[in-house]
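Student: Mind having a look at this structure? Questions to follow.
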Amino acid sequence: MDVLVALLRSCRLSKPDEDLGPCFMDTLPYNPLLNPLIIAKVFAYSGQKDLINYRLVCKSWNGFATSLLQSNSYATVRQESDLTRLLRLTKHSSNYFPITRFYIKPTPKRESKQEHSSDI
Amino acid sequence: MALVRVISSDGAAFLVSQRLAKRSGKLKTEIETFRKSSDNSEAQPEIRIVTIRAEILRLVLQWLQQHQNDPVLPANQNEQDGRGDAEMGQSQWDRDFLAPMDLGIVMELILAANHLEVKGLLDITCKLVESKITGRTVDEIRTAFKLKSDFKGNEEEQTRLENRWCVEN
């Protein structure tokens, strides 16, 4: 169990190399990270994994991260066996993340097959 | 060269050229307002910025000076994702400029850049803050940035459940 916890901790996206000071926010007239324009600018550089995480911080972060995720997220179904996953996704589709688009892509061909088809 | 006196919240006066000052949207508006209300066209405008202290104002002016010859980008450029120009335009000078600052100074600089409407500076400081919060846990972010969880009832739990299937695995 302890090993598992340790593993989970080490699996963070990146290791913070320093401690964020505890009280540097106290002197500010208001919290910049609650200003919509500033949140939008900061989140614009965030990856999907971080945005998913930011949804849990507070309501206003949730709102911004959710709308960014909604505009960028998609799931790809590549094989017939993936249909079960598609079913699972649609089952979990919620008001926040409704399934709105499907992309149908062909299964990528293997190298040898491509050579074969080019011979013909 | 037309000059303008910009005064910080703690009373320090900075004498800068109007050309430089006008690269801040806020100062540009203030200078134009002063021109309209003043009879003497030679009079030197004086602008008091009550929310920004000298140390921070000096940094903003220093950044403006370094970037005074950059092309003025339309405010809405690449604005669809809010990402601005920090990605492509961040120079070695900017990195050296930001490097010695602690996060408290960076946060003050963000507020100042926002207030004075200095888009380029806002972009690079916001990007820096993102690099400080990426990969952190929710609790770490809440503690460091004084953000309180304001979820009610099972809202947080519901979000957690949604997040479980958000990640494609």
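Cβ coordinates are placed from backbone N, Cα and C, and glycine is handled just like the others.
The feature domain 'F-box' is assigned by TrEMBL to A:34-67.
If you look at the structure here, what lies around each of the features I listed?
Tutor: Mean pLDDT of the predicted structure over the domain 'F-box' (A:34-67): 93.
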Student: Based on DSSP, tally up the residues of the domain 'F-box' (A:34-67) by helix, strand and coil.
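Tutor: Helix (H, G, I), strand (E, B), coil: 25 helix, 0 strand, 9 coil.
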